[in-house]
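Quick look at what TrEMBL lists:
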| type | residues | note |
| --- | --- | --- |
| TRANSMEM | 59-78 | transmembrane segment |
| TRANSMEM | 113-132 | transmembrane segment |
| TRANSMEM | 144-174 | transmembrane segment |
| TRANSMEM | 194-227 | transmembrane segment |
| TRANSMEM | 248-273 | transmembrane segment |
| DOMAIN | 303-359 | domain 'MIR' |
| DOMAIN | 372-428 | domain 'MIR' |
| DOMAIN | 433-490 | domain 'MIR' |
| TRANSMEM | 565-588 | transmembrane segment |
| TRANSMEM | 600-623 | transmembrane segment |
| TRANSMEM | 635-654 | transmembrane segment |
| TRANSMEM | 666-689 | transmembrane segment |
Amino acid sequence: MCPAAVGVGLAESGLRLRRGRCRSKVSGAPLVEPELAAGDGGLCSKQPSKPRPKPRGRAMGLVLLAAITMLAFATRFHRLHEPAHVCWDETHFGKMGSYYINRTFFFDVHPPLGKFCAFLGSWLIPFAYLTVLELSRSQPAALLAAALLTFDTGCLTLSQYILLDPILMFFIMAAMLSMVKYNSYADRPFSAYWWFWLSLTGVSLAGALGVKFVGLFIVLHVGLNTVSDLWQLLGDLNLTMVTLGKHLAARILCLIVFPFILYTTLFAVHFIILNRSGPGDGFFSSAFQSRLLGNNLHNASIPEHLAYGSVITVKNLRMASGYLHSHWHLYPEGVGARQQQVTAYQHKDYNNLWIVKKHNANTDPLDPSFPVEFVKHGDIIRLEHKETSRNLHSHQHEAPMTRKHYQVTGYGVNGTGDSNDFWRIEVMNRKSENRIKVLRSQIRFIHLATGCVLGSSGKTLPKWGWEQLEVTCTPYLKETPNSVWNVEDHINPKLPNISLDVLKPSFTEILLESHMVMIRGNSGLKPKENEVTSKPWHWPINYQGLRFSGVNETDFRVYLLGNPVIWWLNLVSLGLYLFLGSIITVSLQRGIQLTTEMKGLCQVLLHGGGQVLLGWLLHYLPFFLMGRVLYFHHYFPAMLFSSMLTGILWDTVFRFCACYLQSFSLINWMHIFGISFLILGIAYSFYLFHPLSYGMVGPLAQDPQSPMAGLKWLETWEF
């Protein structure tokens, strides 16, 4: 069942039509296959069986598809070499190509697949054409949808730069097309074509998720379609349980197992290629870093278990945090107690070294006459800074930057301090063993006097703190990466060294860690200085664009903005679809008699339109729930679906109007004129706004000599 109310009505109306195909007075194309058996597939309803096109019609269809594809490639590759400089996020994604070539490890908040843009972006148009053609059985509807995407300046701009969005949208549209194709073969289950399209759907899902995590939205779309499909099959009493089991197994294999294997394979290749130390090391755990060539932990040999007297470095598990660090500098007047600073430092440094000591003894644990004593979960310890001989200390003075957190300092003389230097060590991921394992044990330090937890807030200290990261003691005991640490470097002459190779994480562990780091990175994204962000309600109304390049008259300026004629037509179409869909649903529920042809048009509108409306909802509404920074380009996957809905809607509206006319020539003329008028209007608007995509130099929009003079229809547009 569709979540949209307009998609529910027909499914609940119990409408069953006579056998035989009804054909449109306009095109003669079959509109619906009535009396569909359960199991014909598709969300909200059954798709009509695939008609056999006449040879001449098939040839014309292929010619039209070829022309659409050629126009798509022509618009995307035109002036592709301009500008000669890097624009917007090409700074990041272009650099990643060189990292792969040099096999240098880097960190990205997105999965690794999305690194070829104009080529894949060009395929969005033929994919949309074929999808709408499959859902509506109408070439005019498909042609209108293709025109909307071909002449949209926003889609064009995104496709011409080294960005993830065109690659993501390629796989989203490939998954959508494959899904409606395998639905159309529901009357021939387990045939070669059925298996092909079902498998291709799984491949496309893996691709979409392998580019960006928002690929989950198309996964959800296909999942809902599959659940509806299986539910309808369950209601077909002609199918045996064995056949139902085969249907279920086929979907599990092609839509879950196969995509999962492909997705994990992408990461395996990613990790194999990027095997050298690089700028991404610090985002990952010490154990992860030990597998990278050139990292100081690679092929290192250190003692495995922590003992008293050991000299260690302690790394915070918060992404992009650092090592527990101290130096001779004191906190300034007015910032807590004027004691020695303790910070988190993101680089290797001698001031990161600490000595592990018992809380109630000043004897030297490294004295050969004393036996080795290992540190265990629950032990109370002191951490003495090796360089300054001051103890890690906390008290109820407020932290320098984080309110309601306590200040952490270095205190004492030659290791002698007070009871505020005592910390209880806890192992968060322990199983049966209580000892602390280098790299692998995740530990917390609980301050004995106040009960607070040692952590790094991630906030950058002012210049008096050398712009290092703030370390605090938080009274909130909830386990977070900010308050979890691991031992990295470990020196103890009384203990045997082991190769860190035995501590290297497995593929499953690094796969899970990389996903946790990506998720935290995504949620923690903040806007750059002077960067334009936006809110989800801005997007459908084309409220504000995004400057890709240039500001002044002498600059080469590119501005990401949707073609306003297309975007506002899509917005009107969404409202009109909901209005018409509601009327049709109520009419069918009330049993109002309609002609066979009108019933067919209703089914196309509700079920074909319902599929793409669901896609729009799933790719748009979740952004209202996201806490991360959002940009205008996040709406473009949803825009693909709204454009397809516009194509289906207006083609159906023109057919509805034609049904009330008697003259066949007038009907045919009206339908052709309506679709042609929309396409020509869209093409002309592209002619007006194309400088936004292809770039412009010279006067700004407010100058009468500017190519954009008179086209700044909203004050929020910044071109």
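Easy rule for this one: first residue shown is 1, then count along the chain.
Each residue, glycine too, has its Cβ placed from N, Cα and C.
Note that the coordinates shown come from a computational prediction; the quantities given were computed from them, not determined experimentally.
In this chain, the transmembrane segment (59-78) touches the transmembrane segment (144-174); three or more CB pairs sit within less than 8 A of each other, excluding pairs fewer than 6 residues apart. Each residue in the domain 'MIR' (372-428) gets a DSSP state, and the totals come to 3 helix, 29 strand, 25 coil. Beyond its flanks by at least six residues, the transmembrane segment (248-273) meets 100, 103, 111-113, 190, 195, 198-199, 201-203, 205-207, 209-210, 222-223, 226, 229-230, 507, 510-511, 514 of its own chain at Cβ-Cβ distances under 8 Å. Per-residue pLDDT, averaged over the domain 'MIR' (303-359), rounds to 91.
Contact between the transmembrane segment (565-588) and the transmembrane segment (113-132) is not supported: fewer than 3 Cβ pairs lie under 8 Å, counting only residues 6 or more apart in sequence.
Taking Cβ pairs closer than 8 Å, the transmembrane segment (666-689) reaches residues 25-27, 140, 143-144, 147-148, 151-153, 561, 563-566, 569, 650-651, 654-655, 657-658, 708, 711 in its own chain, all 6 or more past its ends.
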